[in-house]
Amino acid sequence: MKISVIGCGYLGAVHAAAMATLGHEVVGLDVDPEKIAALSAGRAPFFEPGLPELLAEAGATGKLRFTIDPELLRGARVHFLAVGTPQAADGGAADLSYLHAALATLLPRLSPGDLVVGKSTVPVGTAETLRARVRERGAELAWNPEFLREGFAVQDTLRPDRLVYGFAAETLVREGDGVRAPGIELLNEVYADALAAHTPLVVTDFATAELVKVAANAFLATKISFINAMAEIADVTGADVSDLAVAIGHDERIGSRFLRAGIGFGGGCLPKDIRAFSARAEELGVGDSLGFLAEVDRVNLRRRDLVVDRVASILGDLDGRRVTVLGLAFKPDSDDVRDSPALDIATRLAARGALVTATDPQAIPTASRLAPRLNYVGDTSAALAGAEIVLLLTEWSEYRTLDPVAAATLVDTPIVIDGRNCLDRSAWRGAGWAYHGLGRR
Ligand SMILES: NC(=O)c1ccc[n+]([C@@H]2O[C@H](COP(=O)([O-])OP(=O)(O)OC[C@H]3O[C@@H](n4cnc5c(N)ncnc54)[C@H](O)[C@@H]3O)[C@@H](O)[C@H]2O)c1
Ligand SMILES: O=c1ccn([C@@H]2O[C@H](COP(=O)(O)OP(=O)(O)O[C@H]3O[C@H](CO)[C@@H](O)[C@H](O)[C@H]3O)[C@@H](O)[C@H]2O)c(=O)[nH]1
């Protein structure tokens, strides 16, 4: 089937390439000519494991094209909207201007019978407001939220753990165990491979589909802030949050995943999604229902304050002190620094006068665009040289497996703050380091 993907960022580029490897004829549209030039040349415009190989595989099919020319949208039967919905500059709500612009570009190029499929994360109620404009063109709208994780985007796209389709409530017809809705066959054809692999499918109305996405992210964010709140308690009681997480995680009702305490969550999704969800609930007059998400956000942001304060309490005056930061991306296996706790901490220490040397296997280009004043060093050993304190802030495998004995010979003073509680503290202490975990004895 011929499909288009509008917006070729972290989500859209992977989606477009993955769809082509599944045999669809795909055109990916973006307004960023540099991104399109890279993708057209088969180069990934950002770091995502497996994406270069996926682009090569898709390129070899001859079925994948990237363009800035919206005319090439014509002829596709399914059009995915995958543009950004960032936090608005003036508050927590989602900025839908990119989505509206993308739709305005698409509408005149739609043909009757086409299906427009929203993938972007949107406030509940958005799809309903967009549908009339799509219907005027004789096309239909579906909402199909995306759950991929950066760092695992390729496998999550090809083998999602579930698919959710949202349709206008009045078009949904339930028959026994099945559901009919206009456009559902087109989506089933797009996802034939995943469906054949028995991927669970939930077909529902727009509002539920939109809510599933933000509810999932709100739950994940809450889980992280919960364990970080336990880390705060552990800090004052002498308990160990890592042992606590293992112990509560053995209860299958709780589960062991997403219970890693540390400097908290960041990225282009969790922080802005919980704020947009809260803002939308306020608009709907049910702000109190999500009041806890403001606390989830506060706990999360306190983690960054905690690390900055701890560095200050260890070093005393920060002015001119040599601080080395290992890791800038919001998580390992990504170059994404959107709302990265690591970059935020590094920047705040620099603002307080520290001489921050920062390194990351992939995120130096993205970080240096946002925070040009840090001293960026590509090589880990060079970054460690002469440090008065080392902060591990993104748990890339090369940092988790650092040899503490060798590292100790490079620094000025062997003090480490393990912002992700991922180091073997006995080994580090054994090598002479003053080890500081977060919520760990
Ligand atoms: N990144 C993820 O892991 C992820 C996962 C699930 C859902 N989402 C959601 O998907 C959406 C996209 O996120 P992202 O991380 O890919 O963002 P992104 O910023 O990486 O990509 C968005 C792309 O859209 C392009 N764009 C903007 N306006 C356009 C227009 N009018 N026409 C064509 N292209 C346009 C931008 O140039 C950019 O390349 C967001 O709503 C996000 O919340 C993201
Ligand atoms: O136990 C944990 C797990 C994660 N994190 C942090 O939480 C953030 C988000 O991590 P993760 O959820 O793995 O990354 P994303 O790629 O942002 O993915 C989330 O956001 C996407 C965009 O909405 C969704 O599609 C995914 O399902 C959802 O997991 C990162 O800063 C992690 O360091 C922790 O601090 N502790």
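Count begins at 1; order follows the chain as displayed.
The backbone N, Cα and C atoms fix where each Cβ goes, and this holds for glycine too.
With Asp30, Lys35, Thr121, Glu150, Lys272, Arg338 listed by TrEMBL as binding NAD(+), the candidate from Thr85, Thr199, Thr380 annotated for that site turns out to be Thr85.
Cα to Cα, Lys35 (NAD(+) binding site) and Lys213 (substrate binding site) are separated by 27 Å. For Arg149 (substrate binding site), the nearest neighbour among the listed recorded positions (Thr85, Thr121, Cys269, Lys272, Arg338), judged by C-alpha distance, is Cys269. Within 10 Å of Arg338 (NAD(+) binding site), as judged by C-alpha distances, the recorded positions found are Cys269; the full candidate list was Phe147, Ala261, Cys269. Gly266 (substrate binding site) and Asp30 (NAD(+) binding site) have their C-alpha atoms 25 Å apart, to the nearest angstrom. There are 20 other Cβ atoms within 10 Å of the Cβ belonging to Leu259 (substrate binding site). When the record's substrate-binding residues Phe147, Leu148, Arg149, Glu150, Lys213, Phe258, Leu259, Arg260, Ala261, Gly262, Gly266, Lys331 are compared pairwise by CA position, the greatest distance found is 24 Å.
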